Every structure is written in C-alpha cells, then in structure tokens.
Amino acid sequence: MKTLILLIQFFTRIPLPVQINMDEINLKKGSALLPFVGVIIGAWNWLIFTLVALLMPLPVAIIAGLFAEIIITGGFHVDALADTADGLFSSRKRERMLEIMKDSRVGANGVIAICFYFLFYGSLFLSVPDTQQIGWLFFVLPIVAKGVTMLLFAKMTYAGSKEGLGSIFLGVPWWPVVIAQVIVLVALGAFFSYIGVIAYAGVILFTIIYRAFVYKRIGGMNGDTLGAGGQMGQLICLFCLVLLWGLI
C-alpha cells in the first residue's frame, strides 16, 4: 500500500495527506502496481467524460476527457512529450539534446508535437465506430500508458543525470514488468475482447521501435523520454483499436 501511495504521489497531483519516506528498492519492486495508477487516472477521465457527455455534444465531452487527464497529472507527461520532441529533433549532438530537454522553455518542435498529438488523439476518439466505447477508452488508455512505461523500464540504460526523476526506476526487476503487462492485457481483454489484446501487440511493436530510436539518439532513456513513451503508447493503442474495428 505504501508503494502504491508513493506511485500516486509521483505520477499524479492527487493531494494525499500522507508522508512516506522514499525507498527506492521497494519502489522498484512495487512498480508492478503502476498500472493501478493508470486505473485511478482512467476512472477520473471516464467520470469527467461521462458527466460532460450528459449535457454537451460528443466532441466537447471528448475534449473534457482529454483535459481531465491534464488536471489529475498536472500535464506531467505532456510536458515530457514536448521536451522529448524539442531534444530528439533538434539535430544536435547528444549532450546538447539532453540540455535542451532540461530547458523549461518549450521550442517549436515541442509545440508542434503537442498540437498534432491532441489533434490526432481527438480525431481518433471521434472515429470510434461505437460511441458507447469512448468512455471505456478513457478509462483503459491510461492503464496502457503505464504498461508502456513499465516496458521502457526493462533493462533500462539511463541517459539523464543521476538526480533525474527517471533514475529512481533504474534497475527495475523483470517480474514487475511482466506483472504490469498482464494487468494491461486483462484490462484490454475485459473491455475490448481479443481486439484489445491484438491492439496491444501493436503498442509493444511501437515501444520496441521507439526505444531503439531514443537509444540511438541519446544512448538511453531519461525522465522525458519515459513520459513521452507512455503518452504516445496510449495514442498508438487507440489508433490500433480504431484500425482493427474498421477492418473486423
């Protein structure tokens, strides 16, 4: 329970009135619970989307659902996506890329990445053939994002500074990664049957390609690339689901 509270405090803005000392060893072992942080985020997203959908048109409810995640996370990983785009696409050397990611200012690549991310994300939600599924998508996709993050933790080489937040998860054992994947697959299978499981295969393929690209550019992961990977992972999952629903 302490590990779950730490993970909630780490990945969300939920004000828990509990002070727990950071134990990196137990946090790494307990990282298998990370998808349950996705459950909490997803439940909040679902609630906001559902309430707004009762009063407003579907596009407005979708925007509200997307904004709900920014509220509960503080835009933590959206900022990481912008920083990653600014750094990796800066056409600079490794050291300079890492410096750019640390810069609190958002560059042109970051702005472009965020704009197209949400345009594509919103368009995919509007493309879901069964609108009754949209609420469940808002619930499940944050779980997928945490599953992708766990995949990126596996045998991770850390490229950031030793003081970086992502370094806490350096050396995560293999078994929490496997448990996290099982949780994600159960969630996708429960809500979207075999199509959800097939879609996650596409997410895993994306994660492998993304990981290889990042390692080639900066020699490993850092906090920004980890966060960006989770954000893009849930986008890819939605893309695969919409694609499969159109084909099957």
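Note: Cβ is positioned from N, Cα and C throughout, glycine not excepted.
Source: prediction; values computed, not measured.
If you look up Swiss-Prot, you'll see 24-44 (among others) marked as transmembrane segment.
According to Swiss-Prot, the transmembrane segment annotation covers 70-90 (among others).
According to Swiss-Prot, the transmembrane segment annotation covers 106-126 (among others), on the basis of sequence analysis.
What Swiss-Prot lists as transmembrane segment is 134-154 (among others), and the listing cites sequence analysis.
For the transmembrane segment (168-188), same-chain residues at least 6 beyond its ends with a Cβ under 8 Å from one of its own Cβ atoms are 22, 24, 27-32, 34-36, 39, 140, 143-144, 146-147, 150-151, 153-156, 158, 196-197, 199-200, 226, 237. Per Swiss-Prot, the feature transmembrane segment maps to 168-188 (among others).
Per Swiss-Prot, transmembrane segment is recorded for 189-209 (among others), and the stated evidence type is sequence analysis.
Positions annotated as transmembrane segment by Swiss-Prot, on the basis of sequence analysis: 228-248 (among others). Packing against the transmembrane segment (228-248) from elsewhere in the chain are residues 77-78, 80-81, 83-85, 117, 120-121, 124-125, 127-130, 137, 141-142, 144-149, 152, 188, 192, 195-196, 198-200, 202-203, 206-207, 210-211, 214, 221: each is 6 or more residues past its ends and has a CB under 8 Å from a CB in it.
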